[in-house]
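Listed features, source Swiss-Prot:
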BINDING   GLY116, THR117, ASN118, GLY119, LYS120, THR121, THR122  ATP binding site
MOD_RES   LYS225  N6-carboxylysine
BINDING   ARG390, ASP414, ASN415, PRO416, ARG417, GLY465, GLU469  meso-2,6-diaminopimelate binding site
MOTIF     414-417  motif 'Meso-diaminopimelate recognition motif'
Amino acid sequence: MADRNLRDLLAPWVPDAPSRALREMTLDSRVAAAGDLFVAVVGHQADGRRYIPQAIAQGVAAIIAEAKDEATDGEIREMHGVPVIYLSQLNERLSALAGRFYHEPSDNLRLVGVTGTNGKTTTTQLLAQWSQLLGETSAVMGTVGNGLLGKVIPTENTTGSAVDVQHELAGLVDQGATFCAMEVSSHGLVQHRVAALKFPASVFTNLSRDHLDYHGDMEHYEAAKWLLYSEHHCGQAIINADDEVGRRWLAKLPDAVAVSMEDHINPNCHGRWLKATEVNYHDSGATIRFSSSWGDGEIESHLMGAFNVSNLLLALATLLALGYPLADLLKTAARLQPVCGRMEVFTAPGKPTVVVDYAHTPDALEKALQAARLHCAGKLWCVFGCGGDRDKGKRPLMGAIAEEFADVAVVTDDNPRTEEPRAIINDILAGMLDAGHAKVMEGRAEAVTCAVMQAKENDVVLVAGKGHEDYQIVGNQRLDYSDRVTVARLLGGIA
């Protein structure tokens, strides 16, 4: 571990900061240890300055604290022999501080940011897989977890704290990573968690209703996503031109790469572009023909559904924009694998096809059902619910979508959290024209079992909402549960 010193860390902001050797950087006083730097920020739920005495008692070497209402910017105090340096707007500066602390890890690998409501996980995984096939040592950071490909460790949030993000990136650099695809959430952008990162390329997948319990309305949600392009080192922008928001952004980003599978591109109006010219769906995926600023080609994809064609094209355009040769990308495309819990297909002789997907927004559920329909000769079943203590407005919308696009809707629990499961189900049913035709079953494992056992061999059962997750939150408890494991057991362990 390279030497870290408080004076060097704060040189751009506080030239007269004292010299102190530093071990680690933390926002959590509970894990602060001897020699650490404790950073006391004012958060949405707690004021970290209240925990300064605890951090001092645990032997920290120094403290950086929010100056607002306490001190002037750059003011230095001492508490029990521990220097406390106050900085104003500490949340906004935290990413830069952590970047200096961890020796600017985003300078030492090729970092691609991916934002949007749906498709972030699949697109980042495709970017990491594809770049590794071309010789990079690739990593991912996001919803499924952080780590080198094949060594991903689960995480709580899509985008961690500003300190966590820089720390994770530094760890990946230490492990030899040369390429990292990172999901960038709207929360992470608004809360400045990636403010000091340098992205040679940034991808926008789409925008639809989600997180309105946090952002309030779609205008603020869109504004949060736009921060990646307006306030960050986003490098080359790659934008989905099939999305209405994407088309608005392309008008503001003349150097962006436009990507489309719905003929929303006029090559004369965009600097660089990539578009599908023909897509044929089959049992094992899709055959995609495309044209682009870099040339034309054909790809055999093992991913299910139209939206995954879009995700793959976005990944392809990004790697082309970064300079990877088209010929090499085409040679390796057939080796790309589906992503865990993202339109993941489970089959067994004599049983229905079961698809497990993370779709938990109205738009994602509609697209997942449309994708499953392309591969369904019989009835299409949909097992889903909605999370408790989250945006209630999307529940009836998802009910209406399940009723319209599935032949059989099975409404059940997702993560009810502290809400009554039946109340959530009732909110979903309120969006259906004929709720009496829906099957209602509160226990999720029981609902999945019911659907899989009742469905016929040529039916498809979409189990939506949890994807890769291996837990269910009921009340304040985090219980062991996995749709993937449940389905695999029902099909005799064959996936």
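Cβ atoms are placed via backbone N, Cα and C, with glycine included.
Fair warning: this is a prediction, and the values are worked out from it, not measured in the lab.
Positions of the features from Swiss-Prot, shown on the structure.
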| residue | record | contacts (Cβ under 8 Å, 6+ apart) |
| --- | --- | --- |
| ASN118 | ATP binding site | THR205, ASN206, SER208, PHE307, ALA359, THR361, ASP363, ALA364, LYS367 |
| THR121 | ATP binding site | GLY142, THR143, VAL144, GLU183, VAL339, ARG342, TYR358 |
| THR122 | ATP binding site | LEU303, ASN308, ASN311, VAL339, ARG342 |
| LYS225 | N6-carboxylysine | THR115, GLY116, SER186, LEU189, PHE204, LEU207, VAL245 |
| ASP414 | meso-2,6-diaminopimelate binding site | HIS360, PHE384, GLY385, CYS386, GLY387, GLY388, ILE424, ARG444, GLY465, LYS466, GLN472 |
| PRO416 | meso-2,6-diaminopimelate binding site | GLY385, GLY387, GLY388, ILE424, ILE473, VAL474, GLY475 |
| ARG417 | meso-2,6-diaminopimelate binding site | GLY387, GLY388, ASP389, ARG390, ILE473, VAL474, GLY475, ASN476 |
How many of the residues that make up the motif 'Meso-diaminopimelate recognition motif' (414-417) does DSSP mark as helix, as strand and as coil?
0 helix, 1 strand, 3 coil
For the meso-2,6-diaminopimelate site (ARG390, ASP414, ASN415, PRO416, ARG417, GLY465, GLU469), what does the 8 A shell look like? I mean other same-chain residues with CB within 8 A of the CB centroid.
HIS360, GLY385, CYS386, GLY387, GLY388, ASP413, LYS466, GLN472, ILE473
Using Cα coordinates, what distance in whole Å links ASN415 (meso-2,6-diaminopimelate binding site) and THR117 (ATP binding site)?
19
Excluding GLY116, THR117, ASN118, GLY119, LYS120, THR121, THR122, please set out which residues of the same chain place their CB within 8 Å of the center of the CB atoms of the ATP site, keeping sequence order.
VAL114, THR123, GLU183, THR205, ASN206, ASN311, ALA364
Assigned element (helix, strand, coil) containing the residue listed as 'N6-carboxylysine', judged by DSSP:
helix
Could you tell me the C-alpha distance between GLU469 (meso-2,6-diaminopimelate binding site) and LYS120 (ATP binding site) in angstrom, no decimals?
16
Return the residues near GLY119 (ATP binding site), defined as same-chain residues 6+ apart in sequence whose C-beta is under 8 angstroms from its C-beta, sorted by sequence, else 'none'.
THR205, ASN206, PHE307, SER310, ASN311, LEU314
Using a 10 Å radius around its CB, how many other CB atoms surround GLU469 (meso-2,6-diaminopimelate binding site)?
20
